[in-house]
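Here is the structure we will look at, set down as structure tokens.
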Amino acid sequence: MLRLPAVLRQMRPVSRALALHLTRAYAKDVKFGADARALMLQGVDLLADAVAVTMGPKGRTVIIEQSWGSPRVTKDGVTVAKSIDLKDKYKNIGAKLVQDVANNTNEEAGDGTTTATVLARSIAKEGFEKISKGANPVEIRRGVMLAVDAVIVELKKQSKPVTTPEEIAQVATISANGDKEIGNIISDAMKKVGRKGVITVKDGKTLNDELEIIEGMKFDRGYISPYFINTSKGQKCEFQDAYVLLSEKKISSVQSIVPALEIANAHRKPLVIIAEDVDGEALSTLVLNRLKVGLQVVAVKAPGFGDNRKNQLKDMAIATGGAVFGEEGLNLNLEDVQPHDLGKVGEVIVTKDDAMLLKGKGDKAQIEKRIQEIIEQLDITTSEYEKEKLNERLAKLSDGVAVLKVGGTSDVEVNEKKDRVTDALNATRAAVEEGIVLGGDCALLRCIPALESITPANEDQKTGIEIIKKTLKIPAMTIAKNAGVEGSLIVEKIMQSSSEVGYDAMLGDFVNMVEKGIIDPTKVVRTALLDAAGVASLLTTAEVVVTEIPKEEKDPGMGGMGGMGGGMGGGMF
């Protein structure tokens with residue numbers, strides 16, 4: 001008989017040795033003060049220099065090597081920032097912090113990443129310089145944030161709402177690097193699906209850009225399991241002419257889904273299951289049949305929570321001509337499903353993050369009735385959150401989905417153009433949301449006088465305000481520099497001109513920016529400055545930087561091979 005305590009005693013030394021091995025981390029390298037800041041600043045400079053060349057209408061492209069496929073050619077600031085990974089760990093920390101600025105700006109505003117990057121570099125550089133001369137970094141940061149708050153108030157005063165399709169086209173054109181075709185196509189898309197409608201960007205199959213309006217619904221829930229993927233072109237599941245099973249309840253048992261699968265199989269149609277959740281035996285069976293016999297099925301979690309989920313499922317049922325199982329007041333069981341209970345759609349696209357139901361076969365009169373119900377709810381609700389959700393539902397039911405198909409002669413060209421189209425689309429949405437200000441980063445220059453009215457508590461806070469005053473000139477100077485002219489002279493001339501005059505870098509002339517349609521979304525400018533100041537001023541307060549020292553791998557040597565070679569040599573001769 002095996003005695004457990006004796007076995008455990010024998011294993012104890014092994015366990016201790018193993019635990020030590022598992023918990024041991026890399027050794028750390030620690031740098032203090034000026035040494036650490038100098039290295040971080042080098043990383044900030046490297047990243048900012050790479051991103052800054054893309055700025056403005058005459059900015060250059062950046063070619064990025066990829067681990068697979070062709071190199072990527074882009075003018076998109078956040079794409080360039082994300083691609084940079086430095087060997088030196090201290091430099092890399094500086095670069096990664098500014099990378100975060102670009103990412104945050106991109107996520108919140110969808111554009112303005114290059115502006116955010118050059119602003120962050122300027123604040124960090126000026127801050128480090130002042131700290132090296134004995135200034136207090138915490139007070140400098142307070143001064144910086146005081147100045148940023150004043151600039152944001154001034155930007156809101158300058159901001160004008162976007163009202164006409166022409167203004168929408170102008171914003172999109174500027175963000176697309178002056179491409180009027182992209183500007184017009186985005187303006188058309190917004191006109192057709194509404195300002196809050198769903199607009200997606202895809203690869204086209206022709207040389208020209210195309211706009212397609214598809215009647216359908218998109219929601220932010222992807223496939224439950226990646227085993228449902230049925231195409232090699234991207235991680236997604238695509239079906240044509242499919243049935244849709246909708247359930248308010250969780251589906252766990254196989255018996256619940258077999259009748260619907262049999263109906264879909266009998267009619268030779270794929271089946272899309274949208275439920276609160278699909279798990280247990282039901283999910284295992286679906287995945288197994290998908291892999292073994294190629295069953296055309298995909299399971300997706302229903303979007304939203306509580307009443308919002310119920311409403312969205314009901315919208316889907318009306319749009320597709322189906323029924324919602326588990327709905328209160330309806331005595332429908334999944335086991336008793338009939339063909340008329342299943343919704344019908346012309347096309348389904350499901351990725352890991354979202355799903356699109358396109359060309360629904362629902363009754364037009366029922367859809368119109370549902371739209372009117374939502375409009376009535378909009379009129380009586382006072383909650384901003386409720387209004388937002390109702391508008392989303394309204395857009396999905398009434399306007400459909402606009403698909404921008406980007407054309408080109410090669411994958412490299414299409415990908416570069418897609419970056420610009422996505423930027424332009426995001427900028428346009430931001431402009432519709434918060435309005436527009438002067439473009440070419442002239443709006444930041446016009447905010448400089450507002451800093452004079454701030455009363456700092458001490459000299460170091462005053463230094464922080466001066467840093468922002470100097471920093472606000474940097475984006476306009478960078479645009480001018482990329483156009484081949486002296487940035488400081490251009491900025492000086494803009495400051496001496498009337499409030500609506502700025503520099504048109506494409507034409508190399510001073511013009512009325514509003515009349516020329518050179519405008520920026522207020523949200524983009526505001527977010528770029530706020531994110532840059534927050535991270536860069538925090539960077540200047542760093543006194544110690546800790547990094548890991550990678551463990552050196554021992555060279556196993558080639559002794560065995562050498563011996564083998566010798567033996568083979570002897571044999572051959």
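Cβ atoms here come from the backbone N, Cα and C positions, even for glycine.
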Swiss-Prot annotation, ATP site containing D111, G112, T113, T114, T115, G440, D520 - matching residue among K75, K405, K473, K481: K75
T113 (ATP binding site) in three-state DSSP notation: helix
Assigned conformation of K551 (SUMO2 cross-link) - DSSP reduced to three states: coil
Length of the line joining the Cα atoms of D111 (ATP binding site) and K91 (N6-acetyllysine), in Å: 26
K218 (N6-acetyllysine) to K396 (N6-acetyllysine) - Cα separation in whole Å: 7
Greatest C-beta neighbour count within 10 angstroms, which of the recorded positions K191, K389, K396, K551: K396
